[in-house]
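Listed features, source TrEMBL:
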- 6-24: transmembrane segment (TRANSMEM)
- 31-56: transmembrane segment (TRANSMEM)
- 62-88: transmembrane segment (TRANSMEM)
- 100-120: transmembrane segment (TRANSMEM)
- 126-142: transmembrane segment (TRANSMEM)
- 163-181: transmembrane segment (TRANSMEM)
- 187-205: transmembrane segment (TRANSMEM)
- 217-238: transmembrane segment (TRANSMEM)
- 244-267: transmembrane segment (TRANSMEM)
Amino acid sequence: MAEVLALAAALCFGLVHFLSGLLARRADSYGVAAVGQLGGTVLVAVVAVAGAVTGAGPSPAAAAHAGVVALGWGALSGVGTGIGVAYLYRGLASGRMSVVVPLSDVAAVALPVLVGVVLLGDRPGLPAWTGIALAVPALWLVSRRPSTGGGADTGRTAAGTRFGLLAGIGFAVQFLAISRIDPAAGLWPILLARAAAAVTIWPMARAAGAELRIPRRLVLPAALVGALGSVAIVLYLAATREQLLAVATVLAALYPAVPVLLAIALLRERPGRAQVTGLVTTATAIGLIALS
């Protein structure tokens with residue numbers, strides 16, 4: 001069941017990236033991200049309050065009593081999300097998508113796996129380890145885009161590498177912090193996570209010179225995409241409660257395959273050889289992890 005939850009989270013994360021990409025073609029990408037975080041915050045707030053009123057979930061006071069630490073993990077997760085998104089977009093603006101995207105994806109997976117094994121004592125079986133080992137190059141291949149610059153443009157490559165690593169670290173913090181949330185706190189830590197992400201993105205986007213403007217007709221779609229992101233986070237949280245951090249994170253982080261498949265099916269894009277290899281490797285990794 002945990003594997004299904006993690007893959008469902010990957011599906012939702014992938015849909016968020018695909019739809020956000022479509023919206024970013026018609027509006028400022030930072031604006032889309034910021035509105036999305038606010039939309040995700042509103043959804044979690046409504047569900048959390050409804051749960052507290054009906055008794056299906058804890059009240060804010062009960063959540064705080066269950067552990068201020070859980071709320072802190074939620075806030076830290078949101079800061080990681082905000083940093084990851086902001087540096088990802090700065091990296092894309094540097095013109096080195098072929099470096100930024102795969103590097104951020106691999107870093108977002110490698111760090112939680114390392115923490116899970118070294119600090120938390122995760123010990124996946126051989127099939128799972130094999131799947132994890134395949135997932136890392138699969139992420140790189142699926143996420144990679146052809147480089148559009150010359151080999152002498154080392155400045156943009158260095159900037160892309162730096163921003164890609166920083167984005168990956170931010171997303172890794174998101175994955176790690178979510179996995180440490182106490183179930184007794186309910187959705188309140190996730191609410192803090194979404195709010196913290198929105199608060200983090202806005203000043204970083206302004207510092208990068210972003211206008212943070214979005215056409216009024218796109219506000220609702222962007223907010224709904226952000227709400228879907230909240231669903232993805234909740235699914236990932238549920239998966240980490242039933243599965244090792246290393247395994248749950250790897251499965252959830254395979255989401256880059258989703259926008260690639262959607263682009264092939266809906267936008268009639270033709271995948272490169274590397275992406276096809278990455279998709280096949282991704283499927284193999286999922287199968288091996290499912291066998292564990």
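Each Cβ is built from the backbone N, Cα and C atoms, and glycine gets one as well.
TrEMBL: automatically predicted annotations, no manual curation.
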Residues of the same chain, at least six outside the transmembrane segment (163-181), with any C-beta under 8 angstroms of its C-beta? 70, 73-74, 76-88, 90-91, 94, 96, 99-112, 115, 189-190, 193, 233, 236-237, 240, 245, 248-249, 252-253
Flag the pair the transmembrane segment (31-56) / the transmembrane segment (100-120) as in contact if three or more Cβ pairs fall under 8 Å (sequence separation 6 or more). no
Do at least three CB pairs under 8 A connect the transmembrane segment (6-24) and the transmembrane segment (126-142), leaving out pairs fewer than 6 apart in sequence? no
Out of 6-24, 100-120, 217-238, what stretch is closest in contact terms to the transmembrane segment (244-267), meaning most Cβ pairs under 8 angstroms? 6-24
